[in-house]
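TrEMBL has this to say about the protein:
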- 29-55: transmembrane segment (TRANSMEM)
- 176-368: domain 'Glycosyltransferase 2-like' (DOMAIN)
- 354-374: transmembrane segment (TRANSMEM)
- 386-412: transmembrane segment (TRANSMEM)
- 467-487: transmembrane segment (TRANSMEM)
- 493-516: transmembrane segment (TRANSMEM)
Amino acid sequence: MEGVSFGSGQIGFIWDETRAPLIVPLLRLMVGVCLAMSVMLFVERVYMGMVIMLVKLFGRKPEKRYKWEALKEDVELGNSNYPMVLVQIPMYNEREVYQLSIGAACGLSWPSDRIIVQILDDSTDPVIKNLVEMECQRWGSKGVNIKYEVRDNRNGYKAGALKEGMKHSYVKDCDYVVIFDADFQPEPDFLWRTIPFLTHNPQLALVQTRWKFVNADECLLTRMQEMSLDYHFTVEQEVGSSTYAFFGFNGTAGVWRISAINEAGGWKDRTTVEDMDLAVRASLKGWKFLYLGDLKVKNELPSTFKAYRYQQHRWSCGPANLFRKMLGEIIKNKKVTLWKKVHVIYSFFFVRKIVAHIVTFIFYCVVLPATVLVPEVQVPKWAAVYIPTTITLLNAVGTPRSLHLVVFWILFENVMSLHRTKATFIGLLEAGRVNEWVVTEKLGDALKIKLGSKSSKKPRTQIGERMHLLEVGVGAYLFFCGCYDFAYGRNHYFIYLLLQSFAFFIAGFGYVGTFVPSS
């Protein structure tokens, strides 16, 4: 079968002249690289699937792997027998959720003279700042030991706030620090279920708990996020905890041993993933981590496409940039075993944080469609169909209730892979937006109030505000390839290509997620 022709004009002449000597060999090379990356990702996913099956069948619960005994009051020592706990809540203009998180933190069950709640407010809006301070005073008047801390700059963003918070004199008396983002609402028994692991197991530095999404059913965007994050917690975090006692700290809903933070060098703001940075450094010091999948903390998923894109940029760019900065440090480390180094470098960073993003976009949204136009280059069926199908099914087990949405999830993840790939390269190359930090917008109950008050009005917005040219461009490319395959192809790729192009168009024209009317 002949490949695509662009006519007899200048473009057609360039295409015909470069096709055989340049385009075909280049595309074959890209297919080869993508096949290698696909196999890496496939092996990693199958390995984690096998481990999680063994953990579920034969694995011992955290209480069996590590010593756990309920803390009891000592008659002679009184409350001083309980460790001193610091609860940190970093905030930035969190009008919609500040009351929920402060209320939940102040409602934690623990001896009142052995807990300090620290609100680290970096808000730039004076009205919100005043509201947060008044809320702290309200809880303080009820007898809660709550500290309202501000600073005169936002240097280092969240890492800078947490680092500054640890410098206060009252923190010197604390043994453990619990961190909650501003939309997290822990249950009252959170400390009773986590702290004993740290008190009875001196080798543990971190106890990480699972996230529970209060707005997962808000829209299709939040359902897609739930599927991705459920896999992360159900499989990735559980496998890391069960095998190497290492995984990435999720930045919130976790309890740290303060001495471990200090030994690892404290909080650093060199990347946008200060949580992962600290976790890797602590692990290289020999500390172990424990993941508690049964303990869930309520929180909110970003329900606007804009907020989600910013979040995914940070979550993809940061790890790639940290990998660049820490690779030499990990290799030279003498405190951990060779296998743990291989796990951190290859599995944790290279395959999951770099290959997974790049192969999803480059292979399925660029190279595979290009082979339609250049039929001399073939993609084996196992790579085009069997591997992605297996990976998808393994991913879907994390959220059984959303199994019927798996096709939508594939199309959506491929759309987001465009941003993740771009962010990954920015992180690896330390390009322009490498340290961009945009706080993820939380809506709380604001959306219901706004939609309720404006139900009779149609939302007004300029098309430019909602249009994303990158998605539209990729959508047009896939649509062209799909139409060409429908007319001339033999592999029936057009079914996937046209569906995927529509997904890119939907995202490109801003019809993803919740639309919040302006005030």
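Cβ atoms are placed via backbone N, Cα and C, with glycine included.
Source: prediction; values computed, not measured.
When each of 29-55, 386-412, 467-487 is checked for Cβ pairs under 8 Å to the transmembrane segment (493-516), 467-487 comes out on top. Residues 38-39, 41-42, 45-46, 48-49, 220-221, 223-224, 226-228, 230-235, 364, 499-500, 503, 512 of the same chain lie 6+ residues outside the transmembrane segment (386-412) yet bring a C-beta within less than 8 angstroms of a C-beta in it. Across the domain 'Glycosyltransferase 2-like' (176-368), the model assigns an average pLDDT of 95.
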